[in-house]
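I have placed the structure first, in the form of structure tokens, so that the comments after it can refer back to it.
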Amino acid sequence: MLSALARPASAALRRSFSTSAQNNAKVAVLGASGGIGQPLALLLKNSPLVSRLTLYDIAHTPGVAADLSHIETRATVKGYLGPEQLPDCLKGCDVVVIPAGVPRKPGMTRDDLFNTNATIVATLTAACAQHCPEAMICIIANPVNSTIPITAEVFKKHGVYNPNKIFGVTTLDIVRANAFVAELKGLDPARVSVPVIGGHAGKTIIPLVSQCTPKVDFPQDQLTTLIGRIQEAGTEVVKAKAGAGSATLSMAYAGARFVFSLVDAMNGKEGVVECSFVKSQETDCPYFSTPLLLGKKGIEKNLGIGKISPFEEKMIAEAIPELKASIKKGEEFVKSMK
Ligand SMILES: NC(=O)c1ccc[n+]([C@@H]2O[C@H](COP(=O)([O-])OP(=O)(O)OC[C@H]3O[C@@H](n4cnc5c(N)ncnc54)[C@H](O)[C@@H]3O)[C@@H](O)[C@H]2O)c1
């Protein structure tokens, strides 16, 4: 069942489906006709948390919206096509999710997408800054390690920057870590919770298996293989799709999980925690993903890295130079824009 996006609430990183009466979130998806956008819009349409779904793309949104609008759930659905319709798509939104952009093909890194996606993200987030400056902005478009600094700089340019409301969606790394650990240990994946910190590319993806609930132990060689698989899981999908794109269905699931957590917290639910790539003071990287306590206004508290193993400390040290370079590239891109 689609509503099985809900996970049981027991450990710190658990989330659950809201039963709040304030289920009136107005959510926009930008890039809604794409491989991620369509199944993500379906999951959002299926949720009682969402009352209005606005779908923007440069192609096919009338069809996607007409199709989804026939589903017998409460959210109204409307499609918006082309830049002149973008303002109306955004006005009044509480949450904007952005999977617009090109995906990887075999042999490409996420950074290879920078040239195309940086412009797309800068353009779309400039429209958000103008038309829904108070909304929570969730960026899926890669390279996330650069598209979040891009979004922050764009919001700064418009004088509406709030670091508590801009999120790089790294949830798929957590979802994968949970699935892979459960597979190895014969556990129910819905009951496994592995925080994944750092960034969202290769070795910047840092799974904290030492903080997994329930507690799991692996011999070092198996742990190294597991971590390598989590870090390269996106590439596993890119290779298997053989030129037809990157992860879309699992990403849609992960994006929906993140949006539902955010909306639950905005509705006043307490104890909602998700990892996300955000403005951070936890390391000397200006942006870093760690578990975040979410609240009515976005990030309520950064829960930090916590107690980690020497192996995990080493992974962080090795990730920081690459993360810093990706962040700088994003910041400089916006500074160089006219
Ligand atoms: N954060 C993650 O974990 C994660 C995981 C998988 C993929 N991604 C990224 O998500 C992005 C989308 O992937 P996909 O598989 O859905 O790609 P896709 O090509 O299937 O879809 C992208 C959509 O964006 C639209 N688009 C392009 N330019 C646009 C613009 N200026 N305004 C609005 N829409 C525009 C396209 O028309 C298309 O419908 C890629 O950058 C990919 O790398 C991120």
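Placement of Cβ uses the backbone N, Cα and C atoms for every residue, glycine included.
Whatever TrEMBL says is automated annotation, not expert-curated.
According to TrEMBL, the feature active site, proton acceptor maps to H200. The NAD(+) binding site annotation in TrEMBL covers G31, A32, S33, G34, G35, I36, G37, D57, N117, I140, A141, N142, M251. Taken from TrEMBL, the feature substrate binding site covers R104, R110, N142, R176. Residues annotated as domain 'Lactate/malate dehydrogenase N-terminal' in TrEMBL: 26-168. What TrEMBL records for 170-334 is domain 'Lactate/malate dehydrogenase C-terminal'.
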Q | Additional residues surrounding substrate, by Cβ distance to the R104, R110, N142, R176 centre under 8 Å | A | P103, P143, H200, A201, G234, T235, V238, S246, A247
Q: Kindly point out which of the binding-site residues G35, N117, A141, R176 have a C-beta less than 6 Å from some atom of ligand 1.
A: G35, N117, A141
Q. Whose Cβ, among the binding-site residues G31, G35, has more other Cβ atoms within 10 Å than any of the rest?
A. G31
Q) Looking at the recorded positions R104, R110, R176, H200, which one has the fewest other Cβ atoms within 10 Å of its own Cβ? A) R104
Q: Look at the binding-site residues S33, N117, N142 and tell me which residue has the greatest number of other C-beta atoms within 10 angstroms of its C-beta.
A: N142
Q | Cα-Cα distance, maximum over R104, R110, N142, R176, record's substrate binders, Å | A | 18
Q: Measure from the CA atom of G35 (NAD(+) binding site) to the CA atom of the residue listed as 'active site, proton acceptor' and give the result in Å, rounded to a whole number.
A: 19
Q: Just give me the nearest neighbour of G31 (NAD(+) binding site) among the binding-site residues R104, R110, N142, R176, Cα to Cα.
A: N142
Q | Average model confidence [pLDDT] within the domain 'Lactate/malate dehydrogenase N-terminal' (26-168) | A | 97
Q) For the binding-site residues A141, M251, which one has its C-beta crowded by the most other C-beta atoms within 10 angstroms? A) A141
Q: Please give the greatest C-alpha separation between any two of the NAD(+)-binding residues G31, A32, S33, G34, G35, I36, G37, D57, N117, I140, A141, N142, M251, in angstrom, as a whole number.
A: 18
**Q.** Nonlocal neighbours by CB distance (under 8 Å) for G37 (NAD(+) binding site), same chain, sequence gap 6 or more
**A.** V29, G31, L55, D57, V64, P99, A100
Q: Rounded to the nearest Å, what's the C-alpha distance separating G35 (NAD(+) binding site) and R110 (substrate binding site)? Just drop the number here, would you?
A: 16
Q: Give me the Cα-Cα distance between S33 (NAD(+) binding site) and N142 (substrate binding site), rounded to a whole Å.
A: 17
